[in-house]
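Peer 1: Here you go, one structure.
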């Protein structure tokens, strides 16, 4: 078996066993996260806690073997070591060296970065590829709209500050303090912990809510239109592609003539 075959197996692209191995790795990732969560339960018995630690150690050992295997089999080990996924894999196994120090909870929590690798399950997904191309297609419009939204956010904080600063100085005593209300209102979240009590503030809040609908709807509309265009382009490309079964037939007819 060549080194390239081993890399394909670990990446899940090998035609025979790649997907099975990849799913097993992702299952270990989820199990590792569940173990980290269970270890924080105060009512666990010492025996079960020790069992979790041994299971965690076994999973970390498997992760370490995977990382070393990727380094050995990679055509450019240095490139893999400094790549995004290489760094994530390395950080995920660093706590294995410190496994004898269970009190280092912050360091051990770095293993949760292993969950990021679950995104590789969708690496070859066409739908996510369309979404990525839709964002790429509308990035200029989204950038401009982000700037406009920031200006609107600031103006909303300034407005509510002038209306509510005397009635509620504990919440609207300054423009920076008013930004929390402006953010929750413009995004139409409206937590309800801070709200206007003056007549002017309530009228102003209604206007901000109407603007907030546009703040949410405009980028969603841009991305939706881009997704529709991407879907139509894929459908047109598939329709223009000649059927595979017609090519051999035409070749046969040419040979007979």
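Each Cβ is built from the backbone N, Cα and C atoms, and glycine gets one as well.
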Peer 1: According to TrEMBL, which of these ranges is transmembrane segment: 170-191, 236-257?
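Peer 2: So the range that TrEMBL calls transmembrane segment is 170-191.
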Peer 1: Using a cut-off of under 8 Å between C-beta atoms, tell me which stretch among 21-45, 142-163, 203-228 contacts the transmembrane segment (170-191) the most.
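Peer 2: Per the Cβ under 8 Å count, 142-163.
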